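Each remark here refers to the structure printed beneath this line.
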Amino acid sequence: MPKPIVAIIGRPNVGKSTLFNRITGGRVAIVEDTPGVTRDRLYRDAEWCGRQFTLVDTGGIATHQDDPLVARVRSQAEQALKEADVIIFLVDSRTGITADDEEIAALLRRSDRPVILVANKVEDFSDPTVTHEFYRLGLGDPVPISAAHGLNTGDLLDRVVELLPAVPAGEEGDALKVAIVGRPNVGKSSLVNRLLGEERVIVSDLPGTTRDAVDTYIRRGEREYILIDTAGMRRKSRITVPTERYSVLRALRAVERADVVLVILDGTEGVTEQDKKIAGYGHEKGKATIIVVNKWDLVPKDERTMDHYREAVRQELSFMAYAPVLFISALTGQRVDQVLMTIDAVGEAANRRVATGTLNAVVREAVLLTPPPSVKGQEVKIYYATQVKVKPPTFVFFTNRPEGVHFSYQRYLENQLRQAFGFEGTPIRLIFRRGRER
C-alpha cells in the first residue's frame with residue numbers, strides 16, 4: 001500500500017514551502033516572497049524516527065482575492081485534505097489570525113482527519129504567550145516552530161509520527177517514476193489529469209500554470225507510478241521571471257530522477273528546436289523515452305496524416321529512433337490508454353539484462369556477418385562483450401583496438417543488439433575497451 005500522506009495546509013505566504021523543504025531535506029518547493037507561488041500539490045517522501053510518509057505541499061488557500069487561479073488552488077487543497085492521513089495547518093505567528101485562517105480552520109474542524117496546528121515564524125520560544133491567540137481556532141495546542149531556521153521542527157515531526165496510521169510491512173511497492181516534459185501549454189497537466197481521472201494538477205489557459213515539478217502517485221492494478229508533471233521548458237532567452245527559471249531547472253532535475261520520460265509534442269505544430277532540446281536532454285541522461293503527440297483531435301487528417309507526422313518526428317529526432325511515438329488527445333481521452341502500457345514496456349526494456357552467453361552468441365554472429373573495418377591495414381577484432389549496467393542497458397566490448405571501432409560499426413552493433421533483444425524506448429550504451437581473446 002502507498003505510504004501515509006501528510007498534507008501542509010495554510011493561506012499563502014505562511015511558510016508552507018519552507019517547512020516542506022525543511023522536512024524533505026532539500027529545496028523542492030519554490031520559495032519566494034510572492035504569495036501563492038506554490039500553486040499545485042507537491043509530493044515528496046520523508047522519514048522521521050524510522051517512519052516513512054509522503055509529504056504534500058499545497059497551494060495557499062486564499063478566500064478574498066480576484067486571481068482566477070484562487071478557486072482552483074482552493075479546490076486542490078481540499079482534494080489534498082481528502083487524501084491526507086494527517087494535516088499540518090500552518091499559521092503565521094507574526095501576523096496573527098486572519099479571516100483566511102478562520103475559514104480554513106472551520107474547514108478543518110469539519111474534516112475527520114487529525115490536525116496539527118503549527119505557528120510558524122516564531123522568534124522567541126521563551127515567550128509562552130506567542131501562540132495563545134491561536135487557541136481560539138479550536139484545533140488544540142499550537143506547536144511553535146521556525147521553519148526557516150529548523151527550530152522545534154523535531155517536536156512537530158514527533159507529533160506527526162504519533163498520528164500516522166500503521167503501514168503493513170512489505171506492502172510498499174517500487175513505483176515507476178515518469179517525468180512529463182515539454183514546451184509550455186502542450187498539455188502536460190491535462191494528460192496527468194486524464195490518467196488520474198481527476199483534476200490533480202491545475203489546468204488553465206495561462207501558459208506556465210504548472211510552475212513546479214509536481215509528483216503525483218497513481219496505481220493501476222498492481223503497478224504504481226509517480227507522475228512528475230514539470231513546468232514547460234522555454235528557451236533561456238525567454239525566461240525572465242526568477243520563479244520560472246528555477247522551475248525549468250527543476251524540470252531538468254525531474255528528468256534526471258525519472259525512470260521514463262514522456263516528451264509531449266503539440267500535434268497542431270511541427271517539431272520545434274525547443275522540442276529537440278527537451279528530448280535531447282532525456283537522451284543524454286540515458287532515460288527511457290516515449291514521444292507523445294498530444295492534441296491529435298485538433299489535427300485535420302486523412303489516412304496518411306499519422307504516418308507523415310511520425311516520419312517527420314523520426315527525421316527531426318533522428319538521435320532517438322528507439323523511442324515509440326504515440327498520438328493522443330488528453331482532452332478527449334483518445335488513445336490515452338496506450339500511455340501507461342507503453343510506460344510499462346519501455347521501463348522494462350530499460351531494466352533488461354542479457355545473459356553473457358546469450359549476448360556473445362549474438363555478437364559473434366554479428367561480427368561474422370559483417371566484420372569491423374580494418375584501420376591503417378590492421379585488423380580490428382571484437383573478442384567478447386558483457387552487460388555492466390541497466391537504465392540504460394550498457395555493454396562493454398573488449399577489442400584489440402578500441403579507438404579503431406568506427407562510429408558506423410558501433411551503430412551496426414547497436415542495431416544488432418536491438419534486433420535480438422528489443423530495447424524499444426531506451427537508449428543503450430556501448431563502451432569499447434582494450435582486451436585479449438579469451
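Cβ atoms here come from the backbone N, Cα and C positions, even for glycine.
Since we're looking at a predicted model, the values are computed, not measured.
Copied from Swiss-Prot, the annotated features are:
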- 10-17, 57-61, 120-123: GTP 1 binding site (BINDING)
- 182-189, 229-233, 294-297: GTP 2 binding site (BINDING)
- 4-168: domain 'EngA-type G 1' (DOMAIN)
- 176-351: domain 'EngA-type G 2' (DOMAIN)
- 352-436: domain 'KH-like' (DOMAIN)
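Mapped onto DSSP classes, the domain 'KH-like' (352-436) shows 32 helix, 22 strand, 31 coil. Computed over the domain 'KH-like' (352-436), the whole-number mean pLDDT of the model equals 95.
In this structure, Asn13 (GTP 1 binding site) belongs to neither helix nor strand by DSSP; it is coil.
In this structure the C-alpha atoms belonging to Gly182 (GTP 2 binding site) and Asn13 (GTP 1 binding site) are separated by 29 Å. DSSP gives Val122 (GTP 1 binding site) a coil state; it is part of no helix or strand. Cβ neighbour count for Trp296 (GTP 2 binding site) (all protein chains, 10 Å cutoff from its Cβ): 22. Look at Lys188 (GTP 2 binding site): DSSP puts it in a helix.
Cα of Asn13 (GTP 1 binding site) to Cα of Trp296 (GTP 2 binding site): a span of 40 Å. For Lys188 (GTP 2 binding site), the nearest neighbour among the listed binding-site residues (Gly10, Lys16, Thr58, Val122), judged by C-alpha distance, is Thr58. The number of other Cβ atoms within 10 Å of the Cβ belonging to Lys188 (GTP 2 binding site), over all protein chains shown, comes to 31.
If you measure from the Cα atom of Thr58 (GTP 1 binding site) to that of Asn185 (GTP 2 binding site), you get 22 Å. Calculated from their C-alpha atoms, the gap between Trp296 (GTP 2 binding site) and Val122 (GTP 1 binding site) amounts to 53 Å.
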